[in-house]
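Peer 1: Okay, so TrEMBL annotates it like this:
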- B:32-50: transmembrane segment (TRANSMEM)
- B:62-81: transmembrane segment (TRANSMEM)
- B:87-110: transmembrane segment (TRANSMEM)
- B:122-146: transmembrane segment (TRANSMEM)
- B:166-195: transmembrane segment (TRANSMEM)
- B:226-245: transmembrane segment (TRANSMEM)
- B:279-297: transmembrane segment (TRANSMEM)
Amino acid sequence: MTAPLLSLHGIGKTFGSVTVLRDVDFAVQAGRVMALVGENGAGKSTLMKIVTGIHDPDKGGEIRFKGQPVRFHTPRQAMDAGIAIIHQELNLLPGLSVAENIFLGREPRTRFGSIDWSTMKARAAGLLARLKQDHVSPGAPLGRMGVGTQQMVEIARALSLDAEVIIMDEPTDALTDVETRILFEVIRSLKAEGKAIVYISHRLSEIFALCDDVTVLRDGQMVHTGTVADLTEADLIRHMVGREITDQYPHAKCPPGKVRLEVKNAVADGVEDVSFTARAGEVVGFAGLMGAGRTELARAIYGANRLQTGTVEVDGVPVPLKSPRDGVRAGIAYVTEDRKADGLIQPHSIRFNMALGALGRLSRGPVVDRRRETSAVAEYMKAFAVKAPDMDCPVNTLSGGNQQKVSLAKSLLTQPKIVILDEPTRGVDVGARREIYVLINKLKEQGLCVLLMSSDMPELLGLSDRILVLSHGRLTGSFDRGQATQEGIMERAVA
Amino acid sequence: MPSNATSRTAETAANGGAGKAVLRFLAANKSLVGLILLMAVVSLFSPNFLTVDNLLNILRQTSINAIIAMGMTFVILTAGIDLSVGSVLAFTGAVCASLVAADASLWVALPATLALGAALGAANGVVIAIGGVQPFIATLVGMTVLRGATLVYTDGRPITTMSDPFWAIGGEYVFGIPVPVLIAAFAFIVCWFVLSQMRFGRYVYAVGGNEQVTRLAGISVTRVKIAVYAVSGLMAALAGIILTARLESAQPTAGTAYELDAIAAVVLGGTSLMGGRGYIFGTLIGALIIGVLNNALNLMDVSSYYQMIAKGAVILLAVLVDSRGKTNR
Ligand SMILES: Nc1ncnc2c1ncn2[C@@H]1O[C@H](COP(=O)(O)OP(=O)(O)OP(=O)(O)O)[C@@H](O)[C@H]1O
Ligand SMILES: [Mg+2]
C-alpha cells in the first residue's frame, strides 16, 4: 500500500468532562473510498470536524496530510489546503441563491473586484449538471427547495472546491434512490481522478456498493479497519454495535382496525388531487422520487401547508386545517424531515424540546408539572435509547442520530392518533433503527395509524402494510404488503 | 430550559463541594459578579455608598426601570423589542392621574390603568404578529403615537393628584422598605414564576428559539407574541403608576428614553437580543447595575453629561465580556 494521503494518529477529544474520542487512528488513500461507520454518537462527525479545523483535538494526537504534519484551526484553512467536507446538518443560507451558496466566501471576481455573477452562475450550472440537477436554477433562492435539493447544493459546493480529500457525512440521508445513484457515479469519477473520499453512512448497503475500505468507531475508539471486501454485513454490524442484529425489519401483523384517516381530493402546493384512507393499526408507506410531493402531502394533512381544496377526516370527523395547531388538536403528529430547521430548537435542552408539544398534558392548569414532565421525558429517552449525559443538555451537542430520536420522541409525546413520519430514521444507526421499528410496531398494535414517508426502500418495504406511490403530486400506484417490490414501486414512481 | 441558574447550582451542590457550587453559580451569573465588583469599587471611592439609606435609595430608584425591564425581557426573549414602553408609561400615568384627580376609587383607577397598559401593548403585538410589521418599527410607531396622544390628553401640562393613599404607592415605606421596591420584588417573583414554571414561559423561550419549530409543535406563535407585548405594556403601566404616585403628578414627557435603560438592563443581564436565551434574574441584576452606576456617578459628583458616556462604556464592556465568553465555549 502506498503512503496515505491523509492520516490521523492517536486523536482524542474531550468536551468538558465527556470523552468523545480516544486514541483514534485513521487513514485514507488517494483514489479510494473509505467508509467511516459506527453507532450514533460514536464520534464520526467529531473526528471529521477535527480534521477540518472545526474542533481542536486534545493534546498528543497527530494529523498528517500528504506526509506533512498539519493542524487546521479554521475550516477555511482546511479548505485551502485541499480538504472539503459535506456536513451532516445542512449549512446553507436559505435567503441566498443556489449559486451564492455554492461559492459563499469564494465568489469569482471581475477585474474590478466586484462579484462576477455570470461566471458564478455558469460555474454553478456546470456543477449542478454534473450532479444531474439541471432543473435547479442557479439564481433561484435556496430556501424554497426541499431538503434533498439542498443536499445536492451542499454536494455541489464541496465539488466546487476541487479538493483532494472530500469528506461526506451522511450525504444520502436526505436523498432518494435516484439521487443516491447519481452521487455514487460522481464519487466513482472522483475516485478515478485520484481523490480520496471519506464516506459516512448508516445505510450499510451503500457501504458495500461504494466503498473500498472501512473504519469502524465504537464509543469513540477505533475497533476495526480493513477492506470492505473482507467483511459481510453481519460482520460489520457486529463491529459497530458489539452484538448480532437479526431481523432488521421486524413487522407486526395487526388486524386492520376502523378507518382513522380519510383524505379526499387533497390539493395543495405540490399535491394534486390525492385521496386515500388509513386505518388504525396500519402502517401506510409512501414512496416517490424527490419532489414527488410526499413532504408536501404530509404538511397539508397536518395543517402546516394550506390545503387548497379537499378534506381531511379523522375518525369520520372533518378537520379544519388552518394551522398545525388544528392538526395537533385532531390528534395528528408530524415528524419533519428537516430536524434542524423544523424539528428542534437547537440551543434548548432535550427536556425542553421533547415536552414542547405535549405541555398541555404535562401541566396542571397553566403550570408545568416538572415531575410529570421529567418522568415522561425520561421514559421516552429510554425507549429511544437517546445517548446524552442528561435531559438538560442542549440538543445541539447531540450527535445527528440522537437528535433525530429526540425529534421523533417529541411528536409521540403528544400521544397522537395518527403520526406522519417523514424520513423517521434519517441518520439513525442500525441498532437504534431497529428499536424505532419495534416501537412503531408497538404503537401500531395500540391502534395508532402511521403514515411512513421514506426514501429508504428496504425500510419502506419492511415496515409498511400498504405502500402508496406518489409521482408529481399524484397517486400513481398502490401495493399491498407482499406484492410490493422495489422494481414495481420504482416503475410507478417515474410514471 | 435555558440554563436556570438556581436549579443548576442545587444539583452541583449535591455532588460537589459548596465552593465549587458557588463558582459555578458565579460563572453562570456573570452579571452578578459584575454588580458585586462594581459595588466594591464604588464603596472604595465613596464612603457614603454602603449605607442602608443609600442602598435603599438605589433600590427605590431602580425599581421603575427594573419593572419595565422585566416586561422587556419577555419581549426580547421572543427576539422582539419594545420601544414604546416610555410612552406607554407616560400615557397610562396621565390617565391614572386624571382618574385619581377625579376622585375615582383606587380599586377602579389602578386596575383600569394596568388594563390600559396591557391593551396598548397587545395592540403593538397585533401589529407585529398579525400585521407582520418588524417589532422595531411597530413599537417605534407606538412610541411616537402614544407620546403624541399623551400630549393631546394632558394638553401638554402636568396632571396633579392630591391623594395620600395614591401617593403611598410611590412614596411610603413598609417595614422600612420603600413600597416601589416591594412592588418590584413582587413583580420579579411573578415574572420568574411565569417564565420558569408556566407553560406560557416555555412558549416564550420556544418562539425566540425557533418560530417555525414552535408553530409546527401546534403552538400559536401569534398569541404568544401578542401576549408578550401585553406583558410589556402592563409592566410599563405599573411603572407609570408608581412614578405618577411618587411625583404626585403625571408629566406629559415622563418616561422619555426609558426604553433604552430597560433594554440595557436586559442585555446586561445576559439575555440575548436574538431571542430564546436569558432569564429574569439577570434582568434584575442588570437593572441594579445601572442603578448603582447612576448612584455612584452622582455621589462622585460626575456631571450628568459624563454620566451618559460612562453608562454607555459600561454597557459596551459588559456585552463584550459576555460575547467573548460565548465564542470561547
Ligand atoms: N459540542 C459538543 N459538546 C458536547 N458534546 C458533544 C459536542 N459535539 C458532540 N458531542 C458528543 O460527542 C459524541 C459524538 O458525537 P458525533 O456527532 O461525533 O457522533 P456521530 O458518530 O457523528 O453520530 P451520528 O451517527 O448520530 O451522527 C456524542 O455523544 C455527542 O453528544
Ligand atoms: Mg454524525
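Using N, Cα and C of the backbone, Cβ positions are placed for all residues, glycine too.
Neighbours and distances for these, please.
Peer 2: With a threshold of 8 Å between CB atoms, the same-chain residues lying at least 6 positions outside the transmembrane segment (B:62-81) that come near it are 89, 121, 128, 135-136, 139, 178, 180-181, 183-184, 187-188, 191, 195, 204-205, 207-208, 224-225, 228-229, 231-236, 238-239, 242-243, 258-259, 261-263, 265-266, 269, 271-280, 283-284, 286-288, 290-291.
Sequence-distant contacts of the transmembrane segment (B:87-110), counting only residues of its own chain at least 6 positions beyond either end whose CB sits under 8 Å from a CB of the stretch, comprise 68, 116-117, 120-121, 142-147, 149-150, 153-154, 159-163, 165-166, 233, 236-237, 239-241, 243-244, 249-256, 258.
Long-range contacts of the transmembrane segment (B:122-146) within the same chain: residues 75, 80-84, 86-88, 90-91, 221-223, 225-230, 232-233, 259, each at least 6 residues beyond the stretch ends and with a Cβ under 8 Å from a Cβ of the stretch.
A Cβ distance under 8 Å defines the sequence-distant neighbours of the transmembrane segment (B:166-195), meaning residues of its chain 6+ beyond its ends; these are 56, 59-60, 62-64, 66-67, 70, 73-74, 77, 100, 106, 109, 201, 204-205, 235, 238, 241-248, 279-281, 284.
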